[in-house]
Structures are given as C-alpha cells and as structure tokens.
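These notes concern the structure reproduced below.
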Amino acid sequence: MDQETVGNIVLLAIVTLISVVQNGFFAHKVEHESKTHNGRSFQRTGPLAFERVYTANQNCVDAYPTFLVMLWSAGLLCSQVPAAFAGLMYLFVRQKYFVGYLGERTQSTPGYIFGKRIILFLFAMSLAGILNYFLIAFFGSDFENYIKTVTTT
C-alpha cells in the first residue's frame, strides 16, 4: 500500500483498533462478573450485577457493526478527519453508556441518545459523499473540495 492510501485511512484504522480494545474491555468485564458469581463456568443468567454487565455488553455488540460501517463509509466517501473524530466521540459515549448501564439505568440514557446522534451524523456524511460522487458524474461539480476546506480549517 502506498503512503498516500495509508494516509487516507490511518485515522479510521486507529479508531477501529481503539474500538476493538474497548470491546475487549467490555468482554473482560462480563467474564470477570461471570466468574465472580458463577465460579469457573460461564452462564448467561445470574445476579442483577451480572445481568446488567451482560446486557450492556450485548447492547454495545449489537450496535458495533453499524458503527463500523458508518465510520468507514463516512471516512472514505466524505472526509476522514471529522469521521474519525465522530468515531472517537462515539467510543467515549459508548463507554459512558456501558458504565451508566451498570449503575442506574437512567444514567445510560444520555449516552444512548448521543450515540444515536453520532451514528446519524456519520450517516449524513456518507450520504454527502455519495451525493458528491453523483454530482461529479452528472454535472462535473466537486463539492468534496469545499467539504475538505471547511473541515481542515
């Protein structure tokens, strides 16, 4: 891979690797809670503390593929820097959601809502990139330069 290609995706790759580490952290919390309450075997049911950790992890795992698709689509089709920043914000919000879910369930609600908004922002970036492609193909007008100018200032 040449240096220019790597430069166009390096931030997205970093955010993806950070998200993998975060998933490992969540899985470790589930494993630790399971061993604390169930001994050496892993079971999906148990005390309320385990149920909360397991459910929070499962909710994060369910949204993970959507996050990855939106992150990479927005970064490749529109602009890498704001997509990577939004991805980092999403990971921060997901951490707050996970920790909030372990306490009172109302503490996880702001993280959930803000996470949905970040996914929507990444979706809008992806749509802008697709729209730009068709504007170039049909009208010869490239709005990506305007987008990159705004995002780099």
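Backbone N, Cα and C atoms are what each Cβ position is placed from, and that goes for glycine too.
Look at the topological domains in Swiss-Prot: P47 and D142 end up on opposite sides of the membrane. In the predicted model, the topological domain 'Cytoplasmic' (103-107) has a mean pLDDT of 74.
Beyond the topological domain 'Lumenal' (1-8), the same-chain residues lying 6 or more positions past its ends with a Cβ under 8 Å from any Cβ of the stretch are 76, 80.
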